[in-house]
Every structure is written in C-alpha cells, then in structure tokens.
Amino acid sequence: MEQQRGLLLLFLGLQLLLMGALLYQNHHRHSLALFLRVLRRDRPVVGEELPFLVSVSSAGTSSQDVYANLSEIHPVDRRKEDLPSCPLISPYINGPLRVMIPENLTMEQVVKKNPLVELGGQYQPPDCWTRHHTAVVVPYYGRDQHLQHLLFHLHPFLQLQQLHYAIYVVNQVHNTAFNRGKLRNVGFWEAMQEEEWDCLFFHDVNLLPEDDRNLYICDIFPAHVSVAIDKFDYKLPYRGYLGGVFALRPIHYLKINGFPNSYQGWDLEDHDIAARTPATSGAPRGSLHVALSADHTPTGS
C-alpha cells in the first residue's frame, strides 16, 4: 500500500512539472507563477451556502427591465477602506427580467448606460466590499450584434448582484473554423494574469440571462449554468448537454487541464468536458437564458 501511494505521488508530481513546463514553453511570462499560486489557494468550504436560483419562475410572475434598479447604485462619500461588506444577497436584485434591447444599439450606448464600468470591462461595487470575484470569458467570432446585445444586458445584470467582475471578449481573428475551446483557454490565462479571480464563467455570446437571481458566482463544484434556454423550451436538449454557460473555479480548470484545443465548430469540446466532469450534468443550476438567433430582432426599450 505504501509503495502504491508513493508511486501515485510521484506520478502526480511529474504531471505538475510537465504542466508547468508546458505553460512556460507557451510564452506565458507569468503563467507558471500563476499556476503555483492557484494551487496554493484555499479550497472552497464544503457546504458553503450560496443563494442560487433553483426553480423556474411561474409564467405569471411580473418582470422588469435589467436597468430598472441600476440608478440606485452610486459611489458613497467614504474612504474605500471604510466601506462595509456587501450583504450576502444583493438588495438590488429583483428576479425575472424582460430582455429589452434597443434597436440600432451601439457600443457607445452600452458605455453610456454603464458609467461605473471601468475601461476594459471591469467593475467593483462602489458602496461595499464584495466577496465574489468573477471573470466572464466570452469566445467571439464575428457576431457583432450578439456581442453588443450581450454587453448591454450582462453589465447591469452583474452590477445588480454586487460582484467584482470583468468581461473578457476573446476574438478569433483568423478566417478558420471557430475554435471555442482554444479561445476559452486564452481567456482563462489572460484573465488570471490580470486579477486573482475566484470564479470563471465561460459564456456563449448569444445567451442572455433572464433572472438576476441566477448568481454568477461559483459553487464548490463546476456547474453547467445555462440548463434552461428558451429555444429548448427551458429543458436540457439531451442528457449530458454542457453547452452555453459553464462555471468553474481556477483550481477546477487546472484539474481538468483546461478545454481541448483540437475541436473546431460548436459543442464538441463541451462533450469532451462533460465526459471528464460527469458530476456537472448531475447537479445543474436552475438558470434561465434567452438564446439570440441569427435573425433575432431586438425589442425597443
């Protein structure tokens, strides 16, 4: 038994050394230090209570525009170090949302509607210290309108939850087949070199959350977040489906060795991840999302 344990520890040690060498070889100047730092971080507490939405709201439930409560958030006349901690549940979240996208939306309008978001797409609550730090990684390939709609809707959605967050749009510039797995990997390392995020959301550009109680924070396990999408009648299209929005902690990313780089097109890399993380499909979070189709016509607000 002791010999087997020793061999297992040796095998794991070699794996860590090989991964570290690979990261260094790929010209990530800070990746090796980041890798070691993530491994040293404390694991999330088992049994941590997180107020996730766990049931689909009824059809008759009233809804409001995602910007309705945003004007209530404003800086306070207090030193940053004297700010109180944010409450466990944000007072600004309301529940079901109407997805309202202005016609002929521009990026300038998105910026104007979100004055507290810093250059680069990062935001911190101006009136309290949050304990949740989430990076949203969006693989992107030539869907300008979808990206504008996502940023217009997602920025206020995340601010209402009192998160420290940033949205990283990873653009594929070469005219080749879409490689979502590789873009997710690039987004992860770029995000982690900028901040010590404790949660990563890998988010398709054509999905908009419909309820601000769908908290964009990580549980103690990786989670498939977009389990209820309108185009699938708010049901999983098939067992093991892991597409759309996927959440994990940095340590989870390292344990699954990131996303596969070899698949082109849509969904194949999700099947690969589902096979490596079977627990995620068994414990989905009840998140409602609207899918934007190619011919989606935005609703005027």
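Placement of Cβ uses the backbone N, Cα and C atoms for every residue, glycine included.
Features as listed in TrEMBL:
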- 86-219: domain 'Galactosyltransferase N-terminal' (DOMAIN)
- 224-277: domain 'Galactosyltransferase C-terminal' (DOMAIN)
Open item on the list: Please list the DSSP helix, strand and coil residue counts for the domain 'Galactosyltransferase N-terminal' (86-219).
Closed with: 39 helix, 33 strand, 62 coil
TODO: Please work out the mean pLDDT for the residues of the domain 'Galactosyltransferase C-terminal' (224-277).
DONE: 75
